[in-house]
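As recorded in TrEMBL, the features of this protein are as follows:
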- 24-46: transmembrane segment (TRANSMEM)
- 206-228: transmembrane segment (TRANSMEM)
- 248-269: transmembrane segment (TRANSMEM)
- 276-299: transmembrane segment (TRANSMEM)
- 305-326: transmembrane segment (TRANSMEM)
- 338-359: transmembrane segment (TRANSMEM)
- 379-403: transmembrane segment (TRANSMEM)
- 459-478: transmembrane segment (TRANSMEM)
- 499-524: transmembrane segment (TRANSMEM)
- 546-632: domain 'CAAX prenyl protease 2/Lysostaphin resistance protein A-like' (DOMAIN)
- 577-594: transmembrane segment (TRANSMEM)
- 624-643: transmembrane segment (TRANSMEM)
- 655-673: transmembrane segment (TRANSMEM)
Amino acid sequence: MSLDPRFVAVLSCELRRLLRDRRALFMAVVLPMLLYPLYFVGAKALGAEAERRMETQEVTLLVDLGALDTDLFEALDEQLDGVEQMTTVFAVFEPPVTADDEDGASPDAQWLSERMEAVHESATGWLVAERGPDDELALVLWHDGSSERGQELRSRLRSTLAEFSDAFVDRELERRLDVDPDLTLALEPHDRAEPADAAGANFGRFLPIVSVMILISGGAYAALDAFAAEREQGTLETLLVQPVPVRIVSWAKFCAVALSAGAALLGNLGSLVGSAAAGIVPSGVEGADVGAALLGPLFAGRLSLALLLGLPGALLVAAVLCALSARARTYREAQTMILPLSIAGLVATAPATLPGVELAPTLAAIPLVGTSLAMREALAGNLGLFPALLSVISSGAAAYFALARVGTLLDLESVLQHGDTETESALRQRRARRALSTGWAAVFLIYFVGSYLQAQSLVYGLATTLWVLAVGLALLLARAEAKDDGTSLARPLGLERPPLASLAAIPFAVVGLAGLAGILLAWQSQVLPLPRGFGGEIDQLVELGPWIGLFLLALTPGVCEELLFRGSIQSGMMRDWTPVRAIFWQALLFGLAHASIHRFLPTFTIGVVLGFVRWRTGSILPGIGIHALYNGLLVAATAGWFADDVVQRLQLVDQPLAALALPVALGLVWSAGRARRPLT
């Protein structure tokens, strides 16, 4: 099967354009290849020089060991005298006395600095032996952790005291057991890992994150040239008026960007692996056999497999670069998108650097995250078949949809509109943008102002946050919407009578959402476990009793949050946007407003469901019922307000099977909304 000659012609043209710009090609592709050996050599040399300089630096330690008994005092004094480049000066430490604390208070930085300088002008720190209320012994080091001398002193003391502690324990064991502990308790580690496994595990930790950065660097200049530069120069219109389908043009430009990014990746990986094989390696991958392992066939095969698994992720990065560049109206606007994309790439590949994160199916299904973990496992020789296939499918599907987005952006009408004035651009989608701005304002106000108010008083702060801040923003936006439409506040707020049939969906939606939330939290616990003490604020409100607890945790969020997010914000967005886009954005803002990464996924999902109900029914009243009953059900199931048999029945909704009620609820809502004209 031969390639379309039109595709070949466009691709050849794009590649020739890239190759003609030799300076950009050198800076993006060739220069990083040359910098790896220089960086590794320079970093090692600087590190060694810094370590040598710090080791030769003279430090002075003030010592107050009066709380120690005689034997321990003499042993520790002898140990401190043996530390090179450190002078000890005995001086009694007397903490400052305040009017409120006759026994002495903790010294502040200024007092400590002045007191140390008065005792010895070059004193770096003060080591004090203290005994607590239960006669427990502690060694406290007062020092300036922001200075290099203070950090070096802390490092020397940490290693010295560790050696002293080990020697002290050994002496006690020998005295009590009458046996030299070195003869019985000596640890002899034997590393069973093959050199290829060790080298692969080390490289797998940072290879994904380095690869993404190289792909972005090598593909960015090609994407900017292929889309943003041609749009700004006016040559893109000339190409699009030719008898060539937009699909072929977008695919050819994408292939040029992918080839540029791939060439940069292969060249830089060759330089990286070659440097390591020659013994020029970054910190953390040193080893006696690392060079031989990197040049061996086993590691070469694993590296090839890792690159093959990373191919969908590389295509995804190239497709996103194309989509962002095609969306930009100017070359400068496209340049500003590279930094956020780089940060997103760092976040997506960061799990590969964490030792406790495994390639579970849940993570493999996340584009680029699964790819980075699969590359790490392939290099270490621990790759599973199913998670690997899942990572390929997820990143490949995401790349396809990103590339499809390029085709929608790369049409002649869109390109010809690039000369619109700023005034015309501002008028476009004005009401949706106003709603979006209000949503972002709500997120920040609820987070900063609401957090401050709730820190002062949890009950009154929460009530003020929702009934004043949230409802106030909802009314302000609804007033502007009502003024534009010439209607009352009720319409943009969604305070209209819903179809009666939609009310039958409320109990099914409550039970279904509770079951779905249980599934999502169980999945999330594998990726991001809940921290200890999570939900402590809810426990404080629950202790106030069922009436206040249900009012603050169920009724108040149900009314106030629906008025803001599904009421005025979603109404404003649906004036200019499609229902899908409006529902997505209000759900995203709804999730962010709760300011918890651990609750974001279930909260976002609930926002999507409630947004769908708002769209199909034209009213927020069913959503208020669903939201309030859902919150109340979850709180009542864990609050301990009712008898055990009642609590057990309430907790049945947490079972995964309860989620089957959600499709029933959505079907009822969809049917109820058929006869109603959607708010668009």
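Note that the numbers count up from 1, one per residue, in the order the chain is shown.
Every residue gets a Cβ built from N, Cα and C, even glycine.
Of the Cβ pairs linking the transmembrane segment (305-326) with the transmembrane segment (499-524) and spaced 6 or more residues apart, fewer than 3 are under 8 Å, so the two regions do not touch.
Only sequence-distant pairs (6 or more apart) were considered; of these, fewer than three Cβ pairs between the transmembrane segment (338-359) and the transmembrane segment (577-594) are under 8 A, so the stretches are not in contact. Counting residues per DSSP class in helix, strand and coil order gives 76 helix, 0 strand, 11 coil for the domain 'CAAX prenyl protease 2/Lysostaphin resistance protein A-like' (546-632). Residues 434-435, 438, 441-442, 445-446, 449-450, 452-453, 489, 492-493, 541, 544, 548, 552, 556-557, 560-561, 563-564, 567-569, 571-572 of the same chain lie 6+ residues outside the transmembrane segment (459-478) yet bring a C-beta within less than 8 angstroms of a C-beta in it.
Two recorded stretches are said to be in contact when at least 3 C-beta pairs lie under 8 angstroms, sequence spacing 6 or more; the transmembrane segment (655-673) and the transmembrane segment (499-524) meet this definition.
Averaged across the domain 'CAAX prenyl protease 2/Lysostaphin resistance protein A-like' (546-632), pLDDT for the predicted model comes to 91. Proximity of distant same-chain residues to the transmembrane segment (248-269), defined by a Cβ-Cβ separation under 8 Å and at least 6 residues beyond the stretch ends, is recorded for 4, 6-7, 10-11, 14-15, 18, 28-30, 32-33, 36, 207, 210-211, 214-219, 221-223, 226-227, 239-240, 303, 307, 314-315, 317-319, 321-322, 326, 403, 406-407, 410.
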